[in-house]
Amino acid sequence: MSFQHTTVLLQETVAALAPQRGGCYLDGTFGGGGHSRLLLEQCAPTGRVIGLDRDADAIANGQALVAQMAGRLTLVKAPFAQVAEVLQQLEIAALDGAMLDLGVSSHQLDTAERGFSFIRSGPLDMRMDGDSTTPTAAALLNTLDADALADIFFHYGEERHARRIARMVVKVRQQHPFTTTTDLAERIAHMTPGYSRIHPATRVFQGLRIAVNEELQQLEQALSVLIGLLKPGGHLAVISFHSLEDRIVKRLFRDAAKPPEDPVLRGLPIAQAQRPKATLKLVHNKPLTPSEAEIEQNPRARSAKLRVAQKLA
């Protein structure tokens with residue numbers, strides 16, 4: 001099986017984890033395995049990597065690397081929000097480092113049958129795990145009322161014309177349900193004549209994808225769990241691709257990098273050593289971004305931001 005995906009910020013992310021011989025690391029978004037492969041090289045000969053992915057294609061494609069690494073790579077089909085349960089099953093108590101590469105993979109975008117992109121016509125699916133119990137994008141489009149659709153387009157897609165597009169969807173589906181990516185994209189484009197660089201359906205597709213996969217809820221849950229699973233000195237690296245993801249990462253990192261407020265202790269003559277401590281230290285004040293050379297080689301990397309934090313003792 002071919003799983004085409006160009007790894008973003010590869011060297012920067014793996015360097016941020018500072019892999020050590022014998023360490024145990026989590027790649028919560030295995031994808032094409034680029035980050036995991038380099039991690040395994042740098043924590044050799046005894047270090048191991050646990051790779052998670054919701055996408056069965058990614059797990060199947062990674063089996064060759066599993067065989068090559070002879071017990072040092074374990075792949076599990078699971079969303080990264082379930083990391084605590086996965087590690088418990090593997091009898092792993094803590095991690096030396098963890099990383100997440102958020103968003104949709106090149107393989108998912110380029111496979112028309114997955115329904116993530118309007119560049120090629122495909123079913124309006126957008127499920128990262130292909131789970132038949134999860135509602136598809138088509139199911140949301142064809143059943144939710146205009147207010148609920150507008151909320152998805154606005155809050156998850158940051159689409160300015162969310163209400164107008166939602167009303168169009170409800171009107172059109174009365175004649176025939178939405179079934180393909182190009183059907184939806186063409187309807188939206190027809191409402192926005194003379195658009196320039198960014199296709200007018202881009203934000204709507206982002207909003208639907210995030211809603212279908214509960215991406216923001218999964219991210220918030222996973223980050224809180226991962227911070228607790230890191231060993232003192234361990235690093236957590238997260239690559240985000242749009243402002244909604246980055247805001248969550250930035251907020252949770254900064255909150256954990258401040259000592260928790262305890263109103264009961266405020267103003268009491270307590271020694272500094274006895275006061276609550278911060279959980280994380282920010283490794284960089286600002287996120288790392290791809291070089292011009294990387295963007296030229298892989299234009300999809302343009303919006304990537306890497307934030308890194310270190311667990312304090």
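Counting begins at 1 with the first residue displayed.
In case you wondered, yes, glycine gets a Cβ from its N, Cα and C as well.
Annotation comment: Swiss-Prot describes G33, G34, H35, D53, F80, D101, Q108 as S-adenosyl-L-methionine binding site, evidence class sequence analysis. Long-range C-beta contacts of H35 (S-adenosyl-L-methionine binding site), restricted to its own chain and to partners at least six residues apart, with a cutoff below 8 Å, comprise T7, L10, T13, V14, D27, M99, D101.
Annotated region 'Disordered' per Swiss-Prot: 282-313, in sequence order.
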Taking the Cβ of Q108 (S-adenosyl-L-methionine binding site) as centre, how many other Cβ atoms lie within 10 Å?
22
The record names G33, G34, H35, D53, F80, D101, Q108 as the residues that bind S-adenosyl-L-methionine; what is their largest Cα to Cα distance in Å?
18
Number of helical, extended and coil residues in the region 'Disordered' (282-313), per DSSP:
9 helix, 9 strand, 14 coil
Secondary structure at D53 (S-adenosyl-L-methionine binding site), reduced by DSSP to three states:
strand
Among all protein chains shown, how many Cβ atoms are found within 10 Å of the Cβ of G33 (S-adenosyl-L-methionine binding site), not counting that one?
25
